[in-house]
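Enquirer: Below are the features listed in TrEMBL for this protein:
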| type | residues | note |
| --- | --- | --- |
| DOMAIN | 32-134 | domain 'Immunoglobulin' |
| DOMAIN | 42-115 | domain 'Immunoglobulin V-set' |
| SIGNAL | 1-24 | signal peptide |
Amino acid sequence: MTGLLDHSTMCMFAFVFPMSGARCDTTMTQSPPSLSKSQGDRVEISCKASQSIGTAVVWYQQKEPGQAPKLLIYCANTLQSGVPSRFSGSGSGTDFTLTISIQDPEDSANYYFQQISPIYSYGPGYMGSDHTDSILP
């Protein structure tokens, strides 16, 4: 080991041990802002970072305002235990995608993208993402 962490290791480290007080100058743009799909359709939600952040990103699903978000994907493409396999994540660097291969009615929700890199992290009091996407039945 050379002492340097690859992006996957860095992502896992950041996820388990979140850091604060670092640079907060990465802007996230999520698109589309909202969309409506039919049951069984394939859904893709994209997010672009203003600078490379490796794979240090997570996707959340929030079904109701005020309800705790549910972690779907971490390290850009790793499915959280218990999340249905119709969900998948892809991308690295600046471009990321959350895909729902066959939409189910229970997937109607807000979807959030968050950067979790130890190099570019959220400061105290800021949690979530700049944008959300809703899938409506």
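Here the Cβ of each residue, glycine as well, is placed from N, Cα and C on the backbone.
Worth saying up front: this structure is predicted, and the values here are computed from it rather than measured.
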Enquirer: Using DSSP, how many residues of the domain 'Immunoglobulin' (32-134) fall into helix, strand and coil, respectively?
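Expert: Summed by class, the stretch gives 3 helix, 45 strand, 55 coil.
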Enquirer: Let me know the model's mean pLDDT on the domain 'Immunoglobulin V-set' (42-115).
Expert: 92
